[in-house]
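Annotated Fe(2+) binding site per TrEMBL: 99, 101, 105, 145, in sequence order. Summarising the annotation, TrEMBL assigns Ni(2+) binding site to 99, 101, 105, 145. Here TrEMBL flags 104 as site 'May play a role in transmitting local conformational changes'. Annotation comment: TrEMBL describes 107 as site 'Important to generate the dianion'.
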Ligand SMILES: [Fe+2]
């Protein structure tokens, strides 16, 4: 289940209801899928064949279609990152810059872990959302954020898009960014 860490105060928020209430206030969508639906051999696999990806998408097809119909997403795919990903460190360096998009950024984690770092309201500042399998998040359009891996450095997620164009990252230079 997702956990929040507020960077200014190091306060942690856990428990689905608390996390959801906090993220609601920050206009970040948070939902949960049953990650146990995934076949056992895919729960800990981070180098995926096209067939594996198709299996993940079909396993969560009802959840994907439900989310897409409520929120207008038209396309989706699977992203997998791990130490087996070529140039992972370079990729992460690129990811770890505060940026915005013109559409929301949706990720449903199906294996592994990851963190979104998001700029909250002025009273909160930057906060981390630590995500694990089953967690679904949507960072609203124009909200400064970035994504990175956690210590285990492996994740599989479904990405949903309104149009793939919207996912271009626009750098957001922010002197108030708390890099810790
Ligand atoms: Fe992003």
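Residue 1 is the first one shown; counting continues down the chain.
Placed from the backbone N, Cα and C atoms, the Cβ positions cover glycine too.
Feature annotations (TrEMBL) mapped to structure.
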residue : record                                                              : DSSP class
99      : Fe(2+) binding site                                                 : strand
104     : site 'May play a role in transmitting local conformational changes' : coil
145     : Fe(2+) binding site                                                 : strand
Recorded positions 104, 105, 107: those with Cβ under 6 Å from an atom of ligand 1 are 105
Taking all protein chains shown into account, the Cβ-based neighbour count within 10 Å for residue 99 (Fe(2+) binding site) is 18
